[in-house]
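Chemist: Quick paste from TrEMBL:
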{"type": "REGION", "residues": "1-44", "note": "region 'Disordered'"}
{"type": "TRANSMEM", "residues": "123-140", "note": "transmembrane segment"}
{"type": "TRANSMEM", "residues": "152-172", "note": "transmembrane segment"}
{"type": "TRANSMEM", "residues": "203-226", "note": "transmembrane segment"}
{"type": "TRANSMEM", "residues": "303-323", "note": "transmembrane segment"}
{"type": "TRANSMEM", "residues": "382-405", "note": "transmembrane segment"}
{"type": "TRANSMEM", "residues": "417-439", "note": "transmembrane segment"}
């Protein structure tokens, strides 16, 4: 019993010594001991750094605006029928389904957070480089098709140019998706899962997207770029083609500047997300797709609701995004790229549609600035719901405008009435507000909810 009592006493003494906090050594002056001061909280990334990190969205969206406003009309000039023009855009959803999760997964796992290059910035730079290469391929597709023996007579189908265009176009969509995913994950890393700062960062991102849209659509609405870049006009590339080519050259310049600002002047946050970036051990490593779909079982109901509503919202947006300027050229201006006599009216409508999209982007930028105040006052969910209702009403208004335009007499000049054009521009402009919400709130809500599950911001 005495031996047992001695062992028990030693255990109690050992536990007591472990439970006591270590004493601070006496440094003189007071003669006594004092407890250690708590470490200071980690310093948050300044908002100006979030602003610089989000600036790459301007360069990416500048090219995206050119792509949306000019490429659907351009591909019909190359000879692809209007009924099949939408099939060219299948790369967007497909690359979004495969490329974004893959790149996000790699940026989460491929490098530690304290890497000199960071986890997100190499993917942002590589994506921007692929965009620059792709827009060159698309812009010079008519010239490259000429080298493959295309017939350059107006109205003929240019099979060589179409093949080059499709390769460049699909690579362009892959580059867009490969860049924007790491950009948003980069912002989520910098905000450290702070809901308010996450909303501000996504509002900055949406603001730069609006600025890129304004510049891109204004560039698409101007028809004199071939005079500034006269070398863009060739035997196989007419004035409209030369304007497209010149606009893409401007896109490369803006993309290079904004990518430099985001990648070089902003450093990754080494204190956030280190656990998710740690490479798994050999016996824990799983196939990517299995891991991706296996993560669905960890999603909570709020996460599922965000994903489902986002999916349904984009189903509504895509027809407008793909055919907005084409709708203006065909339905409002009654032009056609296939009929030589109606080509000029069609291009006038496309330029007017680009002008409407520029107004759309102005409203998008203004809405982005006030997004944080709206979410604080009404809540992010309510703002998102109201924006979707406004979007649906605007699309119904476009159906009504189309019906009215089809039953109006345009007169001998063939020009559309001012009221019809004004109504179309008003609808385009109002749609900027719900588009701003679609670009920011769903991503902020998903980022704040997924990070708590430990699934990685990139995925």
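Each residue, glycine too, has its Cβ placed from N, Cα and C.
Curation plays no part in TrEMBL annotations; they are all automatic predictions.
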Chemist: Would you mind listing the long-range same-chain contacts of the transmembrane segment (417-439), meaning Cβ under 8 Å and 6+ residues beyond its ends?
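Modeler: Long-range Cβ neighbours of the transmembrane segment (417-439): 202, 205-206, 209-210, 313-314, 317, 320, 324, 328, 332, 352-353, 355-357, 359-365, 367-368, 371, 383-384, 387-388, 390-391, 394, 397-398, 401, 404-405, 408, 410.
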Chemist: Examine the transmembrane segment (303-323) against the transmembrane segment (382-405) and state whether at least 3 Cβ pairs sit under 8 A, considering only residue pairs 6 or more apart.
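Modeler: In contact, yes.
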Chemist: Cβ under 8 Å to the transmembrane segment (123-140), counting only same-chain residues 6 or more beyond its ends: which ones?
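Modeler: Residues packing against the transmembrane segment (123-140) from afar: 56, 59-60, 63, 66, 71, 103, 106-107, 164-165, 167-169, 171-172, 174-176, 178-183, 186, 244-245, 248-249, 251-252, 255-256, 259, 262-263.
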